[in-house]
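The structure under discussion appears below in the form of structure tokens.
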Amino acid sequence: MKLYFEAAKFVDNDKGSLKNRVFNSKLSNSPKHVYALVISTLKYKEHIDTIIRKSRLKDVPQLKKLKVSDALLSLLVQDFLFSPKGRIQSGKHPIKEAFLLNKTRMQAELTKLKLKHKVKSVAELPLKEGFDDDETPVRWIRVNTLKTTPESLMKNAFFSKLTEVGSIEDLTSPGLIFKDKIIQNLYGLHPREKITGTQAYTHGEIIIQDRASCFPAEILNNDPSDVHVNVIDATAAPGNKTTHAASFATKNDGLVYAFERDSKRVNTLKMMCQRATGKARKNLIQAVHADFTTVNPTDFPSVTGIIVDPSCSGSGIFGRAIEDANANEQSKEETDETRLQKLAGFQFKIMKHALSFPKAHKVVYSTCSIHPHENERVVVDLLSDPEVKKAGWKLAPRDVVISSWPRRGWEEEFTSLSEDGEIRKQYAGGCVRAVPKEDGGIGFFAACFVRDKQ
Ligand code: SAM
């Protein structure tokens, strides 16, 4: 509950910049986490107030007795109904218990609110002016070619009404669509386009997936002479990259193994894979609840391509997703530097395991972090590792790593590998980076490791 008590101080107090006030206060919780919670509450305040009013929360005797303030109530409603996790971030507490006694009423009011605004998800609810800035600049959708084709999708009732524009900057309102020039079968829409209510979405014909998050499967398969049909997604849930990789693996008895360590997330992964493949291709993806680092590489003699998108700091994520990314971290009292180093150690370990699969000749590493610790530095450590070197792994040349994407790895991070500027540029060319918002979505990093086919 401490998180909510601390955050409550900022909800109704609008004296000066919220960011400055939160980050300059002495808090026992992470300021980043408090800020994300408050900003999201303010963003949905109008809807939160409606739910509090209609479900008569302020009249609930148990909450009155506990003297729950309006600000605290708003924060609780935000986390319970509007956050990606949909839960109260606290252990047992009388306020939490009294609040949750009313969950059915609150959920019913949220359903009514969504019906009123004709939306399926809270992310599509109209917002108070000024809060749109926290949203993604573009809603990216990938056509799921396991179920349909872009041509037939564009003929359906929803898509045929959209007007095509030439750049993401032209996506100034709903009703417009942009065909991406970098990723095949990817389209950009205005973030307020009501996409989750369409049949195409509910039938799994389109998948909402950020453009940069499509880089790994695209990098793995964008050489037509080297398309991977036996693939591993080492860290798979919720499964966006898995289903994308599967869309390339449809020939010659293709099979994608998707590993996930977390017992809850593996269920989401399975659901997402079933929805994307449908009954016709139900054997294309094998979702496995396991820690990838414990999997024996020799049990997978046909796997040629691997995607490793491990847990990371999530520093490239913004808006609503930030809460999701930080939710597991907030109790840890670690400095950012210590945390980044721990993450980098885990990222190195899991990548090194991926690089030990006997027939693998292409491994794509990615994070949604902007920190070099988790990106170029992990790559440098792997390239310097004697076993990795002995196994013949190198960083791929730029021409096979989405060469038209202008933002590459940071050259200066490769200094320990070479003093020659040209060589450092080649290393950086084997990596891509995306800057949050500026590049049309989340911050991202990907690097492609290759070796001769064995
Ligand atoms: N690639 C996913 C996508 O695009 O939908 C997102 C992956 S998310 C960044 C990282 C996932 O890796 C988390 O679900 C986490 O539980 C899982 N994970 C972390 N360590 C793992 C391990 N050793 N083995 C398998 N899964 C792991």
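Quick reminder: no glycine exception, Cβ is built from N, Cα and C everywhere.
Note that the coordinates shown come from a computational prediction; the quantities given were computed from them, not determined experimentally.
Quick look at what TrEMBL lists:
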DOMAIN    129-452  domain 'SAM-dependent MTase RsmB/NOP-type'
BINDING   E260, D291, D309  S-adenosyl-L-methionine binding site
ACT_SITE  C368  active site, nucleophile
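The maximal spread of the S-adenosyl-L-methionine binding site, taken as the longest Cα to Cα distance among E260, D291, D309, is 13 Å. Recorded residues the residue listed as 'active site, nucleophile' and D309 (S-adenosyl-L-methionine binding site) have their alpha carbons 8 Å apart, per Cα-Cα distance. When secondary structure is read from DSSP and collapsed to three states, E260 (S-adenosyl-L-methionine binding site) falls in the strand class.
Taking Cβ-Cβ distances under 8 Å and a sequence separation of 6 or more, the neighbours of D291 (S-adenosyl-L-methionine binding site) in its chain are F259, R261. Close to the recorded S-adenosyl-L-methionine site, the chain also has D233, A234, T235, A236, A237, F259, R261, D262, F292, P310: residues not among E260, D291, D309 whose Cβ is within 8 Å of the site's Cβ mean position. For E260 (S-adenosyl-L-methionine binding site), applying a Cβ distance below 8 Å and a minimum sequence separation of six or more within one chain yields T235, A236, A237, V266, L269, A287, V288, H289, A290. Sequence-distant neighbours of D309 (S-adenosyl-L-methionine binding site): residues of the same chain at least 6 apart with a C-beta under 8 Å from its C-beta are P216, D233, A234, T235, K241, Y365, S366, T367.
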